[in-house]
Amino acid sequence: MIELVQQILNGLAIGGVYVLVALGLTTVFGILGIAHFAHGSVSMFGGYLTWFLAVSAGLPLLAAIAAAMAVGFVLGVAIELLAYRPVRSASHINAFIVALGLTMMVEGLNLQLFGHEQVVIPTGLSRVFEIGGVTIPELRLYVILAAAALIASMTLFVERTKTGQAIRAVAENREAAILMGVNVQAIPLIVFGISTTLGVCAGVMVGSLFAIAPGIGEWLVVKGFAVLILGGLGSIPGAVIGGMVLGVTEALAAGFVSSAYKDLIAFAVMIAVLLMRPQGLMGKA
Amino acid sequence: AERTLRIGVSDALTGGASVYGLPQANAIKMAADEINAAGGVKVGGDSYMLDVIAYDDKGNPTEATNAVRKLIDFDEVKYILGFCCSGAASAVASFIADEDAVMLVGNAAERSITARGIPNLVRTRPPADYTGAAAGAFVGKRGHKRVAVLGALDVGFYALYVDAFEKELNKAGGQIIARESFGLKDRDMTPQLTKIREMNPDALLVVGYVEPAAFIYRQSVELGMDIPRYGFTSGSEEQFLRVATSEQMEGVWDLRPTELTLQSATETGLAYHRNYTERYGMPPSPSSPYAYDNVYALKHAIEAAGTVDDTRAVARALRELAPPPEAVMQYLPVDGKMFDRNGQAYTANGAFQWRGGKWVYVEELPSDAKAYSEFLASLR
Amino acid sequence: MDALLSIRDLRVAYGGVEVVHGVSLEVREGECVALIGANGAGKSSTLRAICGLVPARAGSIRFDGREIANAPGHRIVRAGITMCPEGRQVFPQMTTLQNLRMGAYARSDDEQARDLEAMMDMFPILRERAHQPAGTLSGGEQEMLAIARALMARPRLCIFDEPSLGLAPRIVAEVGETIARIKAMGKTILLVEQNSSMALRLADRAYLFEAGEIVLSGSGEELQAHPEVARAYLGH
Amino acid sequence: MQFRPAYLALAAAAVGLVLLPQIIGAKYYLHLSILALIWTIAAQGQNLIQGHAGYVSIVQAGFMGIGAYGTTLLGMHFALPVWLTMLLAPFVTALFALAAGYPSLRVKGHYFAIVTLAYNLVIFIVLTNWTSLTHGEAGITGIPKPGGPDGWFDFRDRATFYYLTLILAGAMTGLAWLIARSRIGQTLRAIRQNEDLVGAIGIPAWKYKLFAFVAAAAFAGLAGAVYAHYQSFINPEVFGLAQSLDAILAVIVGGSGTIAGPFIGAFFVVFLPEYLRFADAFRLIIYGLALILATIFMPRGIVGVASDLWARIRRGRE
Amino acid sequence: MTAPVLEVKGLSKSFGGVKAIRDLSFQVHPHDILGLIGPNGSGKSTTVNTLAGVHAASAGEIVLDGAHVQTLPEYERVALGLARTFQTARLFPEFTVREQIALGAQVTRRSHPLSSVFAFGRRSAEDEAVAAHVEELLDMTGLRPVAETKTGAISSAQQRFLMIAMALAARPKVVLLDEPAAGLVAHERKELGRLIREIRDSGVAVLVIEHHMGLIMEICTRIVVLNFGAKIAEGAPEEIRNDKAVIDAYLGEAA
Ligand SMILES: Nc1ncnc2c1ncn2[C@@H]1O[C@H](COP(=O)(O)OP(=O)(O)OP(=O)(O)O)[C@@H](O)[C@H]1O
Ligand SMILES: Nc1ncnc2c1ncn2[C@@H]1O[C@H](COP(=O)(O)OP(=O)(O)OP(=O)(O)O)[C@@H](O)[C@H]1O
Ligand SMILES: CC(C)C[C@H](N)C(=O)O
Ligand SMILES: [Mg+2]
Ligand SMILES: [Mg+2]
């Protein structure tokens with residue numbers, strides 16, 4: 001029993017990271033129908049940047065994170081404007097290739113700026129709480145809480161603000177949104193900005209829980225897509241549920257079945273869900 | 001006259017294995033510069049200045065195959081060094097016998113690389129099971145009965161280490177109660193550790209690259225596990241501290257060849273450490289001298305063979321060589337030779353423990369190089 | 001008096017193929033103007049150019065004295081034009097209420113709640129369906145929603161593109177009445193309709209499109225009486 | 001017959017390819033050319049499902065892996081001759097694709113792309129972890145060349161192997177061409193444009209999609225088998241996600257839905273990264289930038305640009 | 001009286017809680033032009049979609065020329081003789097009009113698709129027959145002038161005729177037309193009326209959904225009226241026009 005609870009807790013932290021990655025992907029997908037493959041690399045970049053600001057530039061950690069998030073927003077805006085906008089009217093395969101090109105550029109840029117080394121963002125949070133045999137490292141607890149807070153504010157933003165509604169409107173019917181007076185040129189910029197900011201947060205979490213290294217972006221984005229598919233493309237609740245399911249499934253699979261095959265089991269679950277519900281858990285038919 | 005001799009390097013300069021590969025490549029360049037500064041490699045009346053071409057194989061067999069192919073076909077190189085990783089080294093070893101080239105393997109630990117007696121291949125690091133057996137005896141001697149293993153067990157040489165370890169542990173009445181594995185890119189080992197924690201082992205054995213191992217040490221503390229931890233990593237202090245705090249590392253053992261540590265180093269070892277640190281701005285990793293020593297072995301072999309073109313002769317000369325005076329590692333010569341007839345060199349094994357932020361050399365682990373050499377030859 | 005909307009020599013093209021070849025027309029304040037004509041004659045394209053959904057290749061579009069040709073769509077809406085597009089185009093997964101609120105997106109005054117009530121009074125069925133996703137409404141209900149949503153913007157010029165398309169005869173009649181009511185409220189209306197007899201009945205003035213050009217214009221009655229129009233478009 | 005520049009280009013390419021081993025100096029370029037021809041086979045397959053049917057499948061390299069391991073393991077465990085295992089490899093791969101494709105073709109668009117991506121990862125994970133069969137990460141060495149030293153041809157000679165690959169790539173390109181202009185090809189293009197409508201007019205779209213998926217896999221399986229016997233060494237790495245993305249790139253960059261596109265694209269993805277090594281540090285950035293610019297400015301690939309150019313020249317002449 | 005070519009018995013279809021069709025029964029005979037009318041959302045398109053196999057029926061039987069087809073997939077029903085058009089035009093925009101019609105004829109082919117891979121350019125007798133049929137349809141629907149034009153580039157009226165031509169290419173026994181006249185002007189509507197009669201005269205039964213009463217009253221032999229998914233009336237045009245329930249639910253004062 002304790003083991004089960006512990007394993008679920010283990011899975012929640014990583015699940016939170018998956019949710020954040022998937023949230024960014026899902027909003028971009030919902031609005032623009034783009035499979036933004038570069039999202040993982042951008043997350044990685046955000047993690048590296050935070051590490052650099054905190055370790056080499058000596059900023060306090062929270063300031064470093066805030067600065068990286070701001071840079072992430074700008075980067076997201078630039079990506080939409082310079083890379084995706086020109087191919088908006090072409091087929092979605094073209095946008096996918098642009099995404100691959102972006103991935104390479106971000107990876108390359110990251111190597112130039114921060115080198116090949118794996119880095120760990122130092123948080124200084126090494127206390128461990130224990131409740132009835134279940135241990136929770138302080139850091140993991142904060143990660144779970146931060147993820148929850150970000151998810152909640154994202155949901156509120158989309159549901160309750162005018163801009164959030166405009167984002168939904170563009171996602172559902174671009175032309176009608178124009179006719180409502182929505183500036184449809186600006187919306188994708190906002191969406192990419194927010195999405196990338198969330199990606200940066202995910203990168204920071206991975207970088208402090210574990211480590212970030214070149215190439216980790218691929219892993220992140222693949223997991224993000226798996227979550228998206230599991231939860232249903234374009235659905236925010238879907239991303240949240242999908243991320244948690246994937247994180248916990250992996251932890252349970254690693255703990256109770258086989259750690260070597262935990263990814264395989266996670267993907268098997270995803271494929272199985274899809275075959276029963278081709279539109280994902282929360283997707284619209 | 002002064003001429004140039006190109007030597008090639010294929011090693012992991014990036015990626016997870018670069019903790020081993022990059023320091024090796026650095027050490028090779030340093031050795032080449034030292035040799036050049038001292039007048040180069042002397043053959044007949046000519047002195048050859050060494051020119052190093054290094055490709056990044058990322059520790060990956062396919063990339064290494066392509067890199068070596070390119071070194072031989074495109075850059076026309078005949079002497080190839082590096083190879084921190086078993087997979088990459090094995091892949092290249094599988095075809096090197098057909099090439100007009102000599103391959104000098106450094107840090108890679110897979111036994112089969114020297115088990116086939118490839119004539120134009122030598123290696124400085126002793127095989128994993130040679131070390132694993134010594135490690136098993138040591139852990140057994142310390143009285144642990146129930147040992148859990150967490151390792152990159154689908155990588156051949158780690159499994160080999162654990163098998164040899166288990167055999168010796170069993171002799172001392174201990175046993176391995178769990179073999180959990182992880183992928184080379186995994187960084188979250190809490191599921192495996194949680195599972196192990198439930199089994200209440202007396203000790204934990206970690207076999208894997210430095211980074212995943214460091215995460216295991218860190219996460220084991222985070223999960224409140226308070227048992228002796230042993231490992232096989234050859235990582236430096238700096239490499240571990242990037243991931244885990246010194247407190248989280250405290251008391252961890254590394255059971256590996258004696259390699260380079262400041263306490264155990266000879267005069268040459270200390271000089272190597274000094275020069276490297278000065279040149280690259282950080283200390284060398286423990287296993288980096290394997291490649292450095294290979295450069296000097298090559299120099300002496302070429303000079304002994306009296307040719308740079310006849311790779312067969314150079315390969316033969318390598319097998320006849322006594323450990324060169326410039327070598328950093330303390331090799332245990334077999335019949336007076338640095339490389340035995342398998343092409344394999346041996347060092348002593350040792351137990352190192354993390355104490356107060358440093359790896360401390362605690363004791364030598366008894367091993368019999370000559371007997372192992374016989375055994376290795378018997379595998380053919 | 002200056003016209004509220006005046007279009008001069010408008011040309012519209014899709015990927016190099018021109019489909020509107022120099023159209024000029026005007027709509028005066030308080031007027032209801034209809035555009036009629038065959039399929040693919042370029043009526044929708046003209047409306048879409050007015051609203052900034054497609055670029056104008058040449059020509060001018062002046063609204064309330066200001067040039068709006070090729071201005072971004074949201075600017076045009078803010079200037080006071082809304083369109084109820086062909087095929088309704090509701091936001092299918094948003095509720096009826098959310099759709100209506102989107103209609104007021106460009107407004108910043110605080111009378112939106114009052115207008116919302118007014119719309120629900122005008123179309124009681126929408127109040128019943130307030131919390132239902134708009135995509136699940138029937139075609140007629142969606143049309144009501146689209147009209148109400150357009151009115152939520154408090155436009156000075158309201159454009160309707162084929163509001164009766166695909167609607168049952170009874171609903172067509174209702175839509176006709178609704179437009180008449182909006183007209184009676186004093187709104188300026190530009191209407192495109194396949195149901196030419198309805199359009200000409202509602203309109204003060206009308207233009208006949210053929211193959212991207214205006215071939216005839218006049219008051220509603222004049223066009224209704226025109227033999228060519230009667231034969232090809234009214235089906236008499 | 002009317003003068004068609006395409007035929008001229010084809011003839012020139014054929015002559016060039018046949019003479020290639022005689023022309024090029026460094027053996028290394030011959031090596032790269034062989035790899036490019038192997039990639040041509042895989043890309044022609046990818047073009048069937050991606051270029052014609054419009055389904056982005058991200059598992060081509062995974063299927064190459066099945067072909068490569070298939071031929072190798074069949075040879076190792078059943079002592080079958082190399083020619084036979086090479087011949088069997090595409091069928092083995094097709095079998096896997098059949099099993100995987102049947103359920104997954106229920107999902108469309110991006111879902112399909114991600115599901116196939118998951119298949120690639122699954123293949124990769126199995127190849128890496130089923131060590132008793134595959135030797136995992138360390139891979140399998142010493143895979144024999146076809147023919148043996150006393151056959152008619154010695155395939156250990158690189159030029160000889162080049163011709164073998166050239167013949168295979170040519171044959172598979174021909175097969176792809178036949179499929180593309182057949183009724184099946186036409187139906188696949190219809191599926192790309194409007195899949196629901198295809199079903200509504202009485203065509204069982206899933207059968208055609210499955211055919212394209214399985215045929216693509218068979219092409220990949222052959223490519224993988226040739227690769228294994230050429231390199232004599234395989235490990236899971238070459239059959240990962242990145243390589244599947246290369247297959248997609250080859251099709252897009254060359255010109256999707258065309259017959260020359262995958263060929264041109266294959267040479268592109270093999271040679272360009274190699275040539276960018278001069279800019280080592282900036283290689284990724286330049287490669288990525290080149291891709292983005294190419295997609296923005298030549299969305300129909302190199303073949304598209306060439307045919308536009310030709311059309312303009314001809315119009316200019318008239 | 002001849003046997004019905006299409007017989008619908010007790011058909012129901014629900015989406016979640018929404019009952020889109022309730023216990024609907026009617027027959028289409030070989031020489032029928034059956035009109036299906038009713039208010040928006042009354043279930044007409046759903047009926048067509050359920051008959052065609054886009055949706056699975058929740059209950060009821062669909063008998064096509066003696067064969068029960070309610071469990072068959074969409075494409076098999078076409079093969080058995082049930083073709084349809086859509087409320088909004090659906091196209092293969094990169095194909096020419098001729099190619100799109102020819103694709104509609106694919107279902108009539110008996111040879112295996114693979115045989116066309118290895119035909120090496122030879123045209124079979126079957127190819128010739130299909131080509132001839134396509135030419136006939138081009139003339140019948142008046143699309144010959146645009147035969148070589150891409151379907152995306154023809155007018156929306158022509159697209160509607162194309163949909164019909166493509167459906168006929170399958171050599172169906174019955175065609176289901178969903179609002180074929182939507183958006184057509186008077187003279188195009190006349191043309192459409194003529195075409196529908198011609199189709200019926202060629203031996204293909206027609207089921208047509210329309211909101212345009214002029215057309216419906218003019219061409220239909222019988223009319224079925226739906227409201228809230230259930231049949232509220234059935235009969236000849238004259239009867240329907242004067243049916244109180246139909247006037248209340250659907251026609252209103254205007255008609
Ligand atoms: N997005 C588009 N791309 C290419 N051509 C288009 C596009 N939209 C419309 N057209 C073409 O432009 C011409 C005019 O179309 P438009 O929709 O303006 O006509 P309309 O008078 O509104 O006709 P309808 O009664 O069918 O709505 C038609 O030939 C149509 O095919
Ligand atoms: N896929 C679906 N999911 C849920 N409800 C649906 C679905 N399709 C149709 N409906 C509902 O079924 C009912 C009947 O719709 P249908 O489209 O058949 O009407 P119709 O008679 O064709 O109307 P119209 O004349 O407006 O085209 C409507 O209430 C509609 O909202
Ligand atoms: C123990 C490790 C240092 C061994 C090395 N990484 C190899 O692959 O052989
Ligand atoms: Mg229109
Ligand atoms: Mg309908």
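Using the three backbone atoms N, Cα and C, a Cβ is placed for every residue, glycine included.
The annotation transmembrane segment is assigned in TrEMBL to A:12-38 (among others).
Feature annotation from TrEMBL assigns transmembrane segment to A:50-83 (among others). Nonlocal intrachain contacts for the transmembrane segment (A:50-83), taken as residues 6+ away from its ends with a CB within less than 8 angstroms of a stretch CB, comprise 38, 42, 98, 101-102, 113-114, 119-124, 188-189, 191-197, 199-201, 203-204, 207, 212.
What TrEMBL records for A:95-115 (among others) is transmembrane segment.
TrEMBL lists A:139-158 (among others) with the feature transmembrane segment.
Look at TrEMBL and you will find A:189-213 (among others) tagged as transmembrane segment. Residues 13-14, 16-17, 20-21, 23-25, 27-28, 31-32, 36, 39-40, 42-51, 65, 68-69, 71-77, 79-81, 84, 117-123, 125, 139-140, 143, 146-147, 150, 154, 157, 163, 167, 220 of the same chain sit 6 or more residues outside the transmembrane segment (A:189-213) yet have a Cβ under 8 Å from a Cβ within it.
According to TrEMBL, the feature transmembrane segment maps to A:225-248 (among others).
Marked as transmembrane segment by TrEMBL: A:260-277 (among others).
Distant neighbours of the transmembrane segment (A:225-248): 7-8, 11-23, 25-27, 29-30, 35, 151, 154-155, 158, 171, 266-267, 269-270, 273-274, 279-284; these residues of the same chain sit at least 6 beyond its ends, with a Cβ under 8 Å from one of its Cβ atoms.
Of the candidate ranges A:12-38, A:95-115, A:260-277, A:12-38 has the most C-beta pairs within less than 8 angstroms of the transmembrane segment (A:139-158). Nonlocal intrachain contacts for the transmembrane segment (A:260-277), taken as residues 6+ away from its ends with a CB within less than 8 angstroms of a stretch CB, comprise 226, 229-230, 245-246, 249-250, 253-254, 283.
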